[in-house]
Every structure is written in structure tokens, then in C-alpha cells.
């Protein structure tokens, strides 16, 4: 659980203060990669980390991931250039991918009926780093130094290393493979290196194209279109390789997707859910800053409502799901309510801060519900020997969906604001006596956020500044209205997918997937699933009885 906080700290204590880092070590135009590289590394590696844990055991993978986080935090905390900070953040994203497979690590060692509580305890434990990381980051950056973001991450990861070494003893490699008697060398030879290359390469290039679009290059330029096409083709090739490659140990077992209602529909719903969650995480802070609050410290606390609601939702749903059952209905209801609340955000104006805070809290609550139910459904509907890769796929799907949606929503917002802003400012300030020749410089100064630049505009007065600032808020509010309306169809698609999923009430049993390490070698079983069944239940024969 401590490592789960470390995984969030490595993002939330660094990315929100990228401008502070750039001011100290730069300025460099590429400092934005401090914010981009973490989710890119995370999405590209979490599925692979889950599979490595399935095949080789999780103990040293977990320990190694936290050691990597320690090393990356030392590199970042002592960095003297923006490039080194970007390197450290990328390494932390890779480490976080390992740290966040802890849902699988805990889920496999408890009875199935307690997996909701176990997943909730793990995910909910990240509330400090996940929900409150941004205000903590801004506070330490202004009061101490931005380097403390890395030092806090270092401390939590270091504690995790010690705790894992002393207390975490999952099944060893020999216990995992006691039935098939495979050696480490055999597993290494059969490991799907081609699949890994296609998967990492495809996701990395695809997300690079998405992150460049509208920022580094225009969306219609070759600098965006080429990586998007190459990344998509690599992922298509990866899918064909996994299905037709005749692999002894595929990176992503095809049998998972043969379970259409139990796994595939849930994964698609989680992918679209990621388009709602991660886009909200990126878009909502911009809304707070441009429509409601100009003080960064206050805005950081107002940003917390979404993620605080998410973690509370995870903890609440985990505590009751195993008792009340009806997971599919809860899943459908959560996605549906989430869509409704996001749609209601379209009605927000610069004068409705309280309503926006309430709606984002409710949105976060339903996101927590659907995330908890989704991950439990995935863990229970997959064979136990594939629980790690299943959890990893869920993480990758949400991250990719979020990246796609963030790029799309940011483009929609930018285009809409550029369309309405000049007219709104002109209508607000020209009747107050501002010369028409000063309108262009005033707009540029307002968008720069520089008070000095605004005051230098010829003919500007305090009433003009106040009216122009209000016009900017209204322009952004109109842009966000369109963003939230565009998000509604994705929520509808996610709701339909959730409705097509299979329930899991009958799978909440006393069976345990993997007992803790013992000399008797009592492992989870491998290679006992019939791959020919196109829509299989998670079979009870692949688990040990508690």
C-alpha cells in the first residue's frame, strides 16, 4: 500500500510543478515532457510488468520496481538540467507501472470473495498521493524546493523496499511452475520478446503522436500523422502476432479476449471510462484556473474534489460489493451516473463554483465505483495464472483511452476558445472606451497572464481589465461546455459495454489463487485452461482451495 502512494507521488509531486522546475533549471521549451513522459512510460510497461509477475513471480519484480523508483528519485532530486528531470520522471513512470500491479499481487493471495476489499484497500491507500499530491507539490515548491517532490517519493519507495523484503513472500518461481516443472531458462527462451517490442513500440509511438498533436506540430502535419499511423499499425501487428504466432508463452494470452462478456466488454468499458477519468484529471484543473480561481495554491485544493471523490468511491464500493453483490448492475449504474454528472458539468458558468465542486465530487465518486467494480470483474473473470497481465491490460487501456481523450478535448477547448474569445472581449471592453487598436494587444496580454503586459496596453483601465477578465472566463466556460457535451457519447458507449458484461456474484468464493510461499510448494496451477472455449468462465480448477 505504501508503494501505491509512491507511484502517485512520483507523478503528482512532479508534473504539476513543471513550471517551477523549468524556472529553476531552464527555461527550456521541452520542459513539458516532465508531464508527458510519466504516463507514456506507465502505459507502455504496466501490461508487461503484470505478465512478468505471472511468469516469474512477483516478489523481486515488486522489490526491483521500488528500487528503480528510489534510483529515479535520487536522479531527479539532484538533477541540474531539465533533460535529467525528464529522464527521472520517465523512470518513475516505469517504476509506477510495477508498483500499481499490487492489485494483482494482493488479489491472488486472498479468497476470491474478499478480492473487492483487497483491491479497495490497495487502490484506496493511494488517496494521499493521488488526491492531495498537487497541493502538497505546490506547497513544498513554494515553501521549500521543487526537489522535495522527489525526496518524498524517495522516502515512500524506500520504506516500500524494506517492507517488501521483510514481509512480502508470494509464491516463488518454483511454486508457480510446480505443475509444468519449467525452468527459468525455459521461461526466458519462450518469453514473447517480439510481442514486447511491438507492444511497447506501438504504444510509445502512438502516444507520442497524440501528445505532439496541436502542441508541437499541427494535427494535419506529418509529425503527428506518421507516428499515429505507425503506432496503430504496430499494435495491429501485435494483435496478429499474439493470435497467430504459435507462442509457448504469449505476452497477452488470446484466451482472455475469448471471454467476451467476462473480460473483453469490461476492458472496453474501462478503456472508455479512462477517456472520461484521465481527461477530467487533465481538463478540470484548467477549468478551475481559467474559469474560477487565479491563485494556484487555492486552485490546487479545489482540484482535489475529483480525485478525492474517486478514492472515497473506491473505498466505499470495496467495503460493500462483496456483501450486496449485483456487480454488473452496479457497474452499469456507475458508468451511467458518471456520464450524467459529466454532462451536467456543461451547465457550469463562472458563477457556479460550488456546483462545480459538488458535481466533480460526485463524478469522482462514480469513477471510483466503476474502477473498483471493473478491476474486480477483470480479476475474477480471468484465469488465475493470468491475473497480472489482466490487471496490466486494464491499466494500459485506461491510460491510452485517457491520453486519446485528453488530446481530443484539449483541441476542442482550444479551438472553441479561439473562436469565441475575441468577440466576447470586444463586446465587453469597447463600450468602456478601449481603442480598437488596443484590442489585439489586450487579448495577447490576457492570454499571457502577465499583469505588467496588460497594464502596458494603451487605453486600458481597471474597469476594462475587469470586464476583459470576465470575458475570458466566459469564453473558457463556453469551451468547457462543448468538451463535456462531446464526452457524453463516450459515456453512453461505456454504459452499453458495461451492460453486456457478465456478473461475478457466483465467482465470489473461498477459492485462493496463490498461497503465500511455503516449503510444501502449493502453487497456483498453470496451463490448465481450455483455450478453445470462446466465452469461458474463470475456472475453479485453476485455483487452490483456501
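Note: Cβ is positioned from N, Cα and C throughout, glycine not excepted.
Features reported for this protein in TrEMBL:
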DOMAIN    1-452  domain 'Major facilitator superfamily (MFS) profile'
REGION    523-546  region 'Disordered'
TRANSMEM  29-48  transmembrane segment
TRANSMEM  60-79  transmembrane segment
TRANSMEM  118-142  transmembrane segment
TRANSMEM  148-170  transmembrane segment
TRANSMEM  191-212  transmembrane segment
TRANSMEM  224-244  transmembrane segment
TRANSMEM  265-286  transmembrane segment
TRANSMEM  298-317  transmembrane segment
TRANSMEM  329-349  transmembrane segment
TRANSMEM  355-380  transmembrane segment
Q: Name the range, of those listed as 148-170, 191-212, 265-286, 355-380, that has the largest tally of Cβ pairs under 8 Å with the transmembrane segment (298-317).
A: 355-380
Q: Verify whether three or more Cβ pairs under 8 angstroms connect the transmembrane segment (224-244) with the transmembrane segment (191-212), leaving out any pair fewer than 6 apart in sequence.
A: yes
Q.
Counting only residues 6 or more past its boundaries, what in the same chain has a CB within less than 8 Å of a CB in the transmembrane segment (224-244)?
A. 192, 194-195, 198-199, 201-210, 212-213, 217-218, 250-254
Q) For the transmembrane segment (60-79), which partner among 29-48, 148-170, 265-286 gives the most CB pairs under 8 Å? A) 148-170
Q | Maximum Cβ pairs under 8 Å to the transmembrane segment (265-286) - stretch from the list 29-48, 118-142, 148-170, 355-380 | A | 355-380
Q. What same-chain residues lie close to the transmembrane segment (29-48): Cβ under 8 Å, and 6 or more beyond its ends?
A. 10-11, 14-15, 18-19, 21-22, 82, 85-86, 89-94, 96-98, 100-101, 196, 199-200, 203-204, 207-208, 211, 215, 251-252, 278, 389, 392-393, 395-396, 399-400, 402-403
Q) Over the domain 'Major facilitator superfamily (MFS) profile' (1-452), what is the model's mean pLDDT? A) 88
